Amino acid sequence: MYLSGEDDVDLVEKQLFLSSLQPTLNKRTLQKYKITHIISVIDEEQPAFPNDFTYMTIPAIDSEETNLLGHFPDAVKFIEDAISSGGNVLVHCLAGVSRSATIVLAYMMKKYDMAPTSALKVLRTRRRIVSPNDGFLNQLELWAEFGYTADLKDAGFRRFMMEVTASVMTDNLDAWNMGEMVLAPDPAAQSRHGALATRQRVLRCKMCRRVLATRDHIVDHPRGPGPVSFARSSRKDMDLLRVQQSSGSTAAHPPCSMVFIEAMEWISHIRDGHLKGTLQCPNHKCGAKLGSWSWSGSQCSCGAWLSPAFGLHLSKVDLITAAI
């Protein structure tokens, strides 16, 4: 039965509890349930008893655009470590309905290898009011798709994070922390540090041959009018430029004159709060203008609309196989 006061605490499973904010403000209630660790998934709320309990704080509002996926690995590990040490964990948000439930679901999915719908069905037998918003449910789907990790080595996760960035940058820039921006690693820098030691398809500046991106960073898009989701774009293993150029004679849609990539670390001024800018070769001895970028999006010559968009002119780059 749902209780809205200090006893609004539900046992999910042994050593794991889910609640609203109210019980976390009463030490006696926390002691009653032998709570030792608390995850607060709430905006602008400080731990009530920092000297008595171990806290993890995830500042988040209950919005479909809020990124919880990036916090799943740390939150799940926090729960795992607390339980393995014999502690009791309480996860809460304001009402114990959406944000905190999403964190608990992420933990259940990984522990039991459950689909989001199955985990939610089980959780509702413990706390009937849980109801993550649609954005959080989508992030739980991605959590499963990514194998219960949120690793920047995974193109899908990087593109999800960049879509989140684009949404906040265009809708509520004042609330955005530039330090949270996720950018794809510079392949040239990785090569210098020995992180890349294989032959692979790469995009490089035609003027100075500086490597700009690997095949994994290229964002494929279907030709023709219409929006293309950055996070969910096709990732078929094909030579993008070859396909575009060889099939460019179709009458319905002109051939693509640009190749689109993820937001990269080497892009100048991308962390300065600007919504758009020029893509210049990061080689200071070159500096060739290679294309443009926009968090709001832009249209390819074939008619497809990409948002966000980081486009390199095909005439300015080469796609080759190289050891980097």
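In case you wondered, yes, glycine gets a Cβ from its N, Cα and C as well.
Positions annotated as domain 'Tyrosine-protein phosphatase' by TrEMBL: 7-149.
Here TrEMBL flags 70-127 as domain 'Tyrosine specific protein phosphatases'.
Residues annotated as active site, phosphocysteine intermediate in TrEMBL: CYS93. A C-beta separation below 8 Å, combined with a sequence spacing of at least six in one chain, links CYS93 (active site, phosphocysteine intermediate) to SER20, LEU21, SER40, VAL41, ILE42, ALA60, ASP62, ARG99, SER100, ALA101. Mapped onto three states, the DSSP output places CYS93 (active site, phosphocysteine intermediate) in coil.
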Query: Per DSSP, what is the residue count of the domain 'Tyrosine specific protein phosphatases' (70-127) in each of helix, strand and coil?
result: 40 helix, 4 strand, 14 coil
Message: For the domain 'Tyrosine specific protein phosphatases' (70-127), report the average pLDDT of the model, please.
response: 98
